[in-house]
Each structure stands twice: as structure tokens, then as C-alpha cells.
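Enquirer: Take a look at what Swiss-Prot says about it:
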- Cys12, Cys26, Cys29, Cys35: [4Fe-4S] cluster 1 binding site (BINDING)
- Gly66, Lys67, Gly68, Gly69, Val70, Gly71, Lys72, Ser73: ATP binding site (BINDING)
- Cys239, Cys242: [4Fe-4S] cluster 2 binding site (BINDING)
- 1-23: region 'Disordered' (REGION)
Amino acid sequence: MADIPDNAPQHCPGTDSTEAGKSSACQGCPNQSICASGAAAGPDPAIEEIKEKMSLVKHKILVLSGKGGVGKSTFSAHLAHGLAQDEGKEVALLDVDICGPSIPKMMGLEGEQVHQSGSGWSPVYVEDNLAVMSVGFLLSSPDDAVIWRGPKKNGMIKQFLRDVDWGDVDYLIVDTPPGTSDEHLSVVQYLSAAGIDGAVIITTPQEVSLQDVRKEINFCRKVKLPIIGVVENMSGFICPKCKNESQIFPPTTGGAEKMCTDLSVSLLGKVPLDPNIGKSCDTGKSFFTEIPDSPATLSYRKIIQRIQDYCEKKK
């Protein structure tokens, strides 16, 4: 994983790159000779700093998806809301989807800014026990595009993990971008020493989504990231009047259930399609408090309980 010094030029290739200290972007950089010698490619000292910072966080959960648009950030937001309903639990939500930060909108925090304190960056609070951090809080407008190369993304993730003053936290949920990219490698590398409970992988029933989830599962196994389980999102539509279920996205190859059986992965549950979930995300409100008795809410609660049970067993 390429890292980038704080005082590096904009297009720094990263200290682990074969071009470190040699590319045209390195001209004039104060670190050029160090990078060219290979001395900068050693273990990142930030790993130990992050390990110490994360010692105050009991459980760390990554939320992954193979493909965009399957409801990964929606799940992350509602996992945080669901866990925070227990007022005795301190919950933190970290958005590392650097180029597509949707968590501020979903949590009703659009327009909020990061504040610096003596102990680091202060997260933004939704409730007294629910804190959020996102690159979206660093943008002057939610419409601003983040056009960064991998090393700069890695530097931002490192800063989030090392410099945000979460305090004592029971659950840290990390919402990642879709796929398997620099951001995922960064989070896994930096948090592995601190102990990650595991990953929750989000999919929809169609094979076009499942084929990318299989890649995500292989990624987790290669980097030795435990898999808590898979959630099948948009799994049928339950009519609010007649209560009959219709398959909007038919599971042509058996859906997440068959895939989990084939790959020996736990299926945490299925969340039915509910337009009110999207409405809650658009308005920045918790679906649990807006529609507490809907089939989707009940499914979410069962899934969250299974995640909690898994984390408690790992203690």
C-alpha cells in the first residue's frame, strides 16, 4: 500500500511505489532523496499510533460491497442508528468512501464542518452517543468532487484513524467504497494491529451483484479479514396493504442464501425493499424511529443482534 508524506507534492506516487523519488512529481520534494534510497518504504510508524488510538474502541466493523448501489452506506447508517438506540453504548461511524461520501446526507449532517481540538479532530454528533466523521465535512460544498490519487486517499484515511478524537467507543463502523481498492487495503493494514472484529458484506439478490461479492469474499480471505456475514438487501417487496411479497430483483442463481452456503459464509439476514428507507436517508432521519414496525425494521433489528452476538463472542 503506497503511503504519502504530509509535505509531499500533489501527485506523489507514494513511498512504496517503484517510482518513489524518481517520477517527475518528485522533483523539488524535500523527501526525494529519502524515497529514492528506499528508506521511506519501511513500516509506517502511524500503525502503532493508530493501534494506541484504537485501543479505546472495543469493536471495529467494516461494511463492504462488491458493487455500488446495493445499499452499503444505507446499511452502515442504520447499523449505527440501531446500535445507538442502546443509550449505554457509544457508537462511531467513519465514512472512508472518499470520492462518494453519502453518510453526511444520510445522517442529517450536511453542511457540518470538522473542528480541531487539543486532542485531535472532533467528530460530529447525531446523538449524544453517536459520532460521525466523513471527508464530506471537509468540503466547502456537498457538490464538490474529490479528485485524489490513491496515496492522498490513504493519507486521509490514516489521518481519520489517528487524529479523530472518538473517546471510549463500543462500536466503530467503517463505511467503505464499493470494490477492493486502496481505501480497503489502507483500512485493513492500519486496523489489523488494533484488531478488526470483521466485515459485513452487502449484496442484492441478482447474480450481477453476487459475482462481485464473491470477489469481495476472496479479498477478505486473502488479507485475513474475518467475515461476520452477508446481508441481502432489497430482498423482495412486501406490499404495505395486502402484505404479499413480490420479487422485484429475482434471485436467478439462488441469491445470497445459496452463495453463502456454497462459500461457507454466514447469511446475517435479508432486508426487504421499502421506499421509506430511501426517504429516511434523503431526510437524514433514522428509519427505526420513523417506521419502527415495518418488515424492513424488524429485519434490520435481527441482523444487528446477530452482529452484536458475533462481536461479543470475539471479546
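The backbone N, Cα and C atoms fix where each Cβ goes, and this holds for glycine too.
Are these features on the surface or tucked inside, and what are their neighbours?
Expert: Classification of Cys29 ([4Fe-4S] cluster 1 binding site) by DSSP places it in coil, neither helical nor stranded.
Counting Cβ atoms from all protein chains shown, Lys67 (ATP binding site) has 20 others lying within 10 Å of its own Cβ. Under the DSSP three-state reduction, Lys67 (ATP binding site) is assigned to coil, being neither helix nor strand.
Taken residue by residue with DSSP, Cys239 ([4Fe-4S] cluster 2 binding site) is part of neither helix nor strand, so it is coil.
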Enquirer: Between Cys239 ([4Fe-4S] cluster 2 binding site) and Gly71 (ATP binding site), find the distance joining the two CA atoms and give it rounded to the nearest Å.
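Expert: On Cα coordinates alone, these residues lie 20 Å apart.
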Enquirer: Using Cα coordinates, what distance in whole Å links Cys29 ([4Fe-4S] cluster 1 binding site) and Gly71 (ATP binding site)?
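Expert: About 41 Å separates the two Cα atoms.
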Enquirer: Taking 8 Å from the centroid of the Cβ atoms of Gly66, Lys67, Gly68, Gly69, Val70, Gly71, Lys72, Ser73 as the cut-off, which other residues in that chain fall inside it around the ATP site?
Expert: Ser65, Pro178, Ile202, Thr204, Ser209
Enquirer: Pop the Cα-Cα gap between Cys26 ([4Fe-4S] cluster 1 binding site) and Cys242 ([4Fe-4S] cluster 2 binding site) into the table, whole Å please.
Expert: 65
Enquirer: Looking only at C-alpha atoms, tell me how far Gly71 (ATP binding site) is from Cys12 ([4Fe-4S] cluster 1 binding site), rounded to the nearest Å.
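Expert: Their Cα atoms are separated by 33 Å.
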Enquirer: With Cβ-Cβ distance below 8 Å and at least 6 positions apart along the chain, what are the contacts of Val70 (ATP binding site)? List them in sequence order.
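Expert: Looking at Cβ-Cβ distances below 8 Å from Val70 (ATP binding site), excluding near sequence neighbours, one finds Pro178, Ile202, Thr203, Thr204, Ser209, Asn233, Met234.
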Enquirer: Cα-Cα separation of Lys72 (ATP binding site) and Cys35 ([4Fe-4S] cluster 1 binding site), in Å?
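Expert: Computed Cα spacing between Lys72 (ATP binding site) and Cys35 ([4Fe-4S] cluster 1 binding site) is 37 Å.
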